[in-house]
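Below: the structure, in structure tokens.
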Amino acid sequence: MTLFKHWQTLYINVNLATMTDGSESYGEISQGALAISAGKIAWLGKESDLPEHFSVTDEDIEVIDCKGQWLTPGLIDCHTHLVYGGNRANEFEMRLQGKSYQEIANAGGGIVSTVTATRRASEQELLASALPRLTALHQQGVTTVEIKSGYGLDTINEIKMLKVAGLLADELPVTIKRTFLGAHALPIEYKDNAEGYLDVVCEEMLPQVVSENLADAVDVFCEGIGFSLAQTKRVFDAAQSHDLPIKVHAEQLSNLGASELAANYNALSSDHIEFLDEAGIKAMKKSGMTAVLLPGAFYFLRETQLPPIELLRKHQVPMAVATDANPGTSPIHNIHLMLNMACTLFRLTPSEALAGITCYGAKALGLSESKGQLAVGYDADIALWNINQPAELCYQFGVNPLSRLIQNGQQVLMNESA
């Protein structure tokens, strides 16, 4: 029996894009209704199927007439680097003038410049600079964000970054998942001693991160310009010893087999994956991993190798989409632009792209049992959009159609102009 007397809020006259795992056409329910109780979705379906004897005039329930708008799950950005010091606009200009990556690095640019600026910044300075980036995503309907470390590259500053990521949750009603990315690059003081740096990552940084409960997962940048397969395995082993889930930056510039390696550890996701091959895809499917597509970096770096979308479809590997917001290769804080790029550059369908920032974004963070879908018992993180069909969220960007944003059942944003 549906105990509607315990409902706090009921949305009526609304179309639902439930985005349930494996659903087609957005999991649409037209002329629907959705009820919230204690921060969870308590009921959803056709408005005509509301429980018998229920009345929308019940004074104990807030009833919201959505006037035919669309409800989706709150959006999820499952791969970002939002916390960092400085910016690299000067390098952008240098690159457009024809300077090579090495020339920029020799001039003090590249990731070294971000590491230097991040180390110099205080927690409050990093918080102040990250907050507008997170605010931009939040105002676009994002309710869950993953934030990585990786610009400190020493124990004090990696810890500082993760603490700032946690503090952001006190500033905005957004769920923050933190990922330790100490193995992002070699700091200049270890430029000729990768194994020595990994000693610090695995034996000093990671135990402290765990002891202070600062991370939900561990990531590694496995690439020719990053860490080798053997070095990546070393970090994975350390993460596994601390019972932390694994993610990996993999197959962005070449195929080292990092996705296959990560699959052996039942990793959450493999991200970038432009050079992923079928063997890696099969391994990901077998272990239940998610493929995270990052079209912003593909665009900003003017890459030409497309991710193997057809093979991912063939083997039914879930595809998430994220901003990869970072100062060097994707200084983009617009989730709707990512939807459009996923469709136009990678040829995802709009329903695949939207699934990528809802149910499969949740899966990439290990949250598939609580977020990313409109389903009974799931967290009431939902977004109301003034659109005529869900594809509009992928079709256009620059105009924000968000009408209301609800986090854990509480309205946190309202845009009367939408």
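Please read every residue number as a count from 1 along the shown chain.
Placed from the backbone N, Cα and C atoms, the Cβ positions cover glycine too.
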Quiz prompt | Residue from His242, His249 that Swiss-Prot also lists as binding Zn(2+) with His79, His81, Asp324 | solution = His249
Quiz item: Of the candidates Tyr26, Tyr151, Tyr190, which does Swiss-Prot annotate as part of the N-formimidoyl-L-glutamate site that also includes Asn326, Gly328?
Solution: Tyr151
Quiz item: In Swiss-Prot, Tyr151, His184, Gln252, Thr329 are given as binding 4-imidazolone-5-propanoate, so which of Arg88, Arg404 is in that site too?
Solution: Arg88
Quiz item: Near Tyr151 (4-imidazolone-5-propanoate binding site), which of the binding-site residues His79, His249, Asp324, Gly328 can be found within 10 Å, Cα to Cα?
Solution: none
Quiz prompt | Neighbourhood of Gln252 (4-imidazolone-5-propanoate binding site), C-beta criterion under 8 angstroms, separation at least six | solution = Glu223, His272, Ile273, Glu274, Phe275, Ala297
Quiz item: Within the chain of His249 (Fe(3+) binding site), which residues six or more apart in sequence place their C-beta under 8 angstroms from its C-beta?
Solution: Asp219, Val220, Phe221, Cys222, Glu223, Gly226, Ala258, Asp271, His272
Quiz item: Can you tell me how far the Cα of Gly328 (N-formimidoyl-L-glutamate binding site) sits from the Cα of Arg88 (4-imidazolone-5-propanoate binding site), in Å?
Solution: 6
Exercise. Specify all same-chain residues, apart from the site residues His79, His81, His249, Asp324, whose Cβ lies within 8 angstroms of the center of the Cβ atoms of the Fe(3+) site, ordered by sequence.
Key: Thr80, Lys148, Asp271, His272, Leu294, Ala297, Ala322, Ala325, Asn326, Ser330
